[in-house]
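Chemist: Feature list, courtesy of TrEMBL:
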REGION    1-106  region 'Disordered'
COMPBIAS  57-83  compositional bias 'Basic residues'
REPEAT    356-390  repeat 'WD'
DOMAIN    441-519  domain 'BING4 C-terminal'
REGION    545-611  region 'Disordered'
Amino acid sequence: METAPRPGRNVPPKKDKLQAKRKKPRRYWEEETAPTSAGASPGPPLKKKRNGEVRLQKPKNTRSSKKSRISKKPQVPKKPRERKKPEPQRSLSGAQDPFPGPAPVPVEVARKFCRIDKSIKLPRSKSKTRSKLEVAEAEEEETSVKAARSELLLAEEPGFLEGEDGEDTAKIRQADIVEAVDIASAAKHFDLNLRQFGPYRLNYSRTGRHLALGGRRGHVAALDWVTKKLMCEINVMEAVQDIRFLHSEVLLAVAQNRWLHIYDNQGIELHCVRRCDRVTRLEFLPYHFLLATASETGFLTYLDVSVGKIVAALNARAGRLSVMAQNPYNAVIHLGHSNGTVSLWSPAVKEPLAKILCHRGGVRAIAVDSTGTYMATSGLDHQLKIFDLRGTFQPLSARTLPQGAGHLAFSQRGLLAAGMGDVINIWAGQGKASSPSLEQAYLTHRLSGHVHGLQFCPFEDVLGVGHSGGITSMLVPGAAEPNFDALESNPYRSQKQRQEWEVKALLEKVPAELICLDPRALAEVDVISLEQEKKERIERLGYDPEAKVPFQPKPKQKGRSSTASLVKRKRKVMDKEHRDQVRQSIQQQKQKQEKAKPKGSRPSALDRFVR
């Protein structure tokens, strides 16, 4: 009978397979050493006591929980880290950049985009308010620098018409310009012969892609004038006084003989606003979603098209209103009257913001440039004047015209067009934001009928003219901005992009109450009102609460610095100061009364009741 051999000195004991594969975890006090001999278990060294007991030796690097965590060594202040200088960038070839960092921006270019006037000193205010203003200034300066850098990326440059030595550009005809330009630009010059329903008023959309026209005999049409694709064409069977696109080319406002009507781009009537009756002129404020109407009854009405409510109805008290224009800079409406004055209106004020005496006779036409700096007016005295709107309202230049201008229009780059009978004259200045020179005409063109409407097309060197014979599209080099902001008005946007833009524009709608002459004043501090309120508060309380630094209690130990106790201590000190101020004011009043008494008067028993 076979028996299993007993483990002896020469026979090694058998190990379990799983136990052999599994490694024992190494403790944090153990150090990595060479593997020990078989049978010896890794771990801390054993220490024998005198009585023969075996125990684990305590590792030297462990800390006792009873010891304090505060180090007894003297703390040496750390030296501030020295910032390493950025190494110059190297290209892929290993060459060093000779001009490291961003390219410098010219100060004049950055100043063109800056909107903060640093010459005005900040008023005395709290440190928190001042820090916020400084942060806003820094952000504005950084934004202006970025805008100046991005100007290099603008692909197009504004053109201009220059004649040869001694050649007058006013003698250059439209046919000569069409022959000289490319095919795409030549296609933008056209004539629509519509004598049956004229005279016509016209309006371009904000993107400059669509054109709306309305004839006096009821003809209303909207088209994509670049591709000549007709969107809608109807006859309202009523006289049309004026026509305007609303915030997009989808909605159309038509001032008919009796009421104001709203149509879509398919010619379907959506609304009939009967509260706006006998309308003669229309203007749309895009950032406020307000449709301003001038009527024969002398009322200026503001209609909020986003909610369909009338914001204000102002009586101008000047008779029939047939001359109206808007200032694109501050959304103020300019009205021309028969007594030769021009009044400036805002829906937040029932009276005109300003009145300017412009002509000896009635005002025939008004136009304001895109920067809101200059206003051009023409009157029955055959005078064409340009006024400065920067607070002075003084005429800068004037010119006498043989017939007098019945219609005026400014382009995006400051060109001024005037319609005089069947002749169009255009004057140019030194550039954008400069007054046009009225000495010599830039272009001249004769039409087949009398002018009834003028407007420059946005972002296109095109002037649209509505006359008794139809519509004429003229080429005017250098009239429009060559580059457009795709987030603001994109001529090539899709339907989805237009819908997203409408939602964003509605969220950013400016309230009608903020329309004023100087929109920059909305972001400034009214120092006069603040001083007046402070003075009234001092008179009401009897002392100046801001004269002394407010009391700040010191923190105490053992739970005596809770929020409630701090508030109680503050209140106690404030009450004490208030009582002292009241006592002082009472004493001053008594002294004044004693001085006011006559010296020779005898004391009376009733003096005890006098306070």
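Here the Cβ of each residue, glycine as well, is placed from N, Cα and C on the backbone.
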Chemist: Using Cβ atoms and a strict cutoff of less than 8 Å, what residues sit near the repeat 'WD' (356-390) while being 6 or more residues removed from its termini?
Modeler: 323-330, 334, 336-344, 396-410, 412, 414, 416, 418, 432-433, 435-436, 438
Chemist: Counting by DSSP, what is the helix, strand and coil composition of the repeat 'WD' (356-390)?
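Modeler: Split into helix, strand and coil, the repeat 'WD' (356-390) gives 0 helix, 20 strand, 15 coil.
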Chemist: What counts of helix, strand and coil residues does DSSP assign across the region 'Disordered' (545-611)?
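Modeler: Reading the DSSP string over the region 'Disordered' (545-611) gives 39 helix, 0 strand, 28 coil.
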Chemist: Pull the DSSP breakdown for the domain 'BING4 C-terminal' (441-519) and write it out as helix, strand, coil residue counts.
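Modeler: Going through the domain 'BING4 C-terminal' (441-519) residue by residue, I get 17 helix, 22 strand, 40 coil.
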